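Okay, structure first, notes after.
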Amino acid sequence: MCDQPLKYGGKEQRPKRESIALTEDQIFYHKLKKEKEVENEEEEEERDKEEEEEKEKGKEEKEEEEKEEKQKQKQEHKKKKMEEEKEEEEEKKKKKKKKKKKKKKKKKKKKKKTIQNKSEKQNSSLGAGVDPGEFLKLPSQSD
């Protein structure tokens, strides 16, 4: 009956309730609840901090790995370039050697040809049936 509004002078009014003082148990419960909330917030902040640190650590590791990978690629590229230069140098040497050999061969062939031409000239001037060695002999030796 207390909860129902009463009519006083045509207005509906509720009677004023008396304030109930909190008991010691309730006070203890509220304090405990507050402490738990603060503790939970601190734990959450700590967890967030740890996660952030892990992310930072992960980023740093990733950057370091990328740096190492780039360094590795640079070294491989340098090595490849050096090998290519070495190969080119070897090819040039081979070509030079081949050219030299060819030139030498050509010179030898030319020398052989000139000697052959000289002997043919000598043969043609002597006649067909004459031995070229005979031409070189002195007339005093033939007797």
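Any Cβ shown, glycine's included, is placed from N, Cα and C.
Keep in mind the model is a prediction, meaning the values are calculated, not measured.
Annotation source TrEMBL lists region 'Disordered' at 1-143.
Annotated compositional bias 'Basic and acidic residues' per TrEMBL: 9-19, in sequence order.
Residues or ranges marked as compositional bias 'Acidic residues' in TrEMBL: 38-54.
The compositional bias 'Basic residues' annotation in TrEMBL covers 93-115. Taking DSSP states H, G and I as helix and E and B as strand, the compositional bias 'Basic residues' (93-115) has 23 helix, 0 strand, 0 coil.
Counting residues per DSSP class in helix, strand and coil order gives 17 helix, 0 strand, 0 coil for the compositional bias 'Acidic residues' (38-54).
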